[in-house]
Amino acid sequence: MESIGIVAPQTMHFAEPLRLQSGSVLGNYQLVVETYGELNAARSNAVLVCHALNASHHVAGVYADDPRSTGWWDNMVGPGKPLDTNRFFVIGVNNLGSCFGSTGPMSIDPSTGKPYGAKFPVVTVEDWVHAQARVADAFGIERFAAVMGGSLGGMQALAWSLMYPERVAHCIDIASTPKLSAQNIAFNEVARSAILSDPDFHGGDYYAHGVKPKRGLRVARMIGHITYLSDDDMAEKFGRALRRADGALDAYNFSFDVEFEVESYLRYQGDKFADYFDANTYLLITRALDYFDPAKAFDGNLTAALAHTQAKYLIASFSTDWRFAPARSREIVKALLDNKRTVSYAEIDAPHGHDAFLLDDARYHNLLRAYYERIANEVGA
């Protein structure tokens, strides 16, 4: 199926200060946005796609100056794809605190003329949703046909349905959770500790030193990447295969250099990530993950937290996802059903772990295609 083709981002500037959940106020900020498809006359066919930890506004298509720059969900969004841009107007927003053009730690603090660095305020999922709502306002979109996301993006979709219930017709929440478990918070803490203990971190102000805490960021990514894959998937891809420069397949080096294929893979992923991602952004986004817990204000009662939602829901999980296991999605489903909301739920049998939500799986895509067909019929798209 064809890609949407060449796309270009746009930068939106906001002068009205944004009060964050922490109490900090962010003024004169910018958000980078990409759109695909055409907004209909009734402005009823808009879909917001929320991104996960290391992704961005670049959901689909490619950039003219880099044909390898395929959007992170290009298999899902485009002409004739499950989220069909011939029928829907799709928006991707790069969240505050990111390192892909929206205001974040790498941006210049107007009060100092230097990068914010560690002084950039902690942001939350709720802060992102408020900022995204201003993007919707700028496009004149009063109500989204759907807000959709996977993983951390799914948390944003759920938050949209809570915070702006009248502005969301459908919430599509994939491979997500209503809150992080202690184990997930622990993984994030180990990853942050790797960054914070890197000598090149310099308290978060490494920009002034002309360095990046690549060693810490590399380890953080390696830790995270392990949690995105299933044990079966890793066994299938790597097993205990050895990686030897001399071509020998059955002998150990008896050293601490790379011996196994899985070690080589993790180091490659870590090095690649450390080259393009920002360490301060990693700290911010993992903390936003930790803080997300809409039931907290309701004494841990998720049913009470979701009582005022109005959207219809599609909740999807993957059988081998142990980062955000199917049981976490079922918690959301139960709370919605307790509130007599309209909910569709699917647990997809897939071997790829948490990352399955990014992959081109026929059953998964058919599910989304059918659901968007239903939405298209509702809005006349």
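Quick reminder: no glycine exception, Cβ is built from N, Cα and C everywhere.
The domain 'AB hydrolase-1' annotation in Swiss-Prot covers 45-360 and is backed by sequence analysis.
Per Swiss-Prot, the feature active site, nucleophile maps to Ser151; the stated evidence is sequence analysis. Shown in sequence order, Ala52, Leu53, Ile174, Ala175, Ser176, Arg323, Phe324, His354, Phe357 are the residues of the chain, 6+ apart in sequence, with a C-beta less than 8 angstroms from the C-beta of Ser151 (active site, nucleophile). Ser151 (active site, nucleophile) carries neither a helix nor a strand DSSP state and counts as coil.
Swiss-Prot lists Arg221, Asp355 with the feature substrate binding site. Cβ neighbour count for Asp355 (substrate binding site) (all protein chains, 10 Å cutoff from its Cβ): 20.
In the shown protein chains, 28 other C-beta atoms lie within 10 A of the C-beta of Asp321 (active site). The active site feature in Swiss-Prot is assigned to Asp321 (among others).
Neighbour density for Arg323 (site 'Important for acyl-CoA specificity'): within 10 A of its CB lie 23 other CB atoms from the protein chains shown. Per Swiss-Prot, the feature site 'Important for acyl-CoA specificity' maps to Arg323.
Here Swiss-Prot flags His354 (among others) as active site. Around the Cβ of His354 (active site), a 10 Å sphere holds 23 further Cβ atoms from the protein chains shown.
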(request) Find the average pLDDT over the domain 'AB hydrolase-1' (45-360) in the predicted model and report it. (result) 96
(message) Just to confirm: which same-chain residues, 6+ apart in sequence, have a Cβ under 8 Å from the Cβ of Arg221 (substrate binding site)?
(response) Ala191, Gln269, Gly270, Phe273, Ala274, Phe277
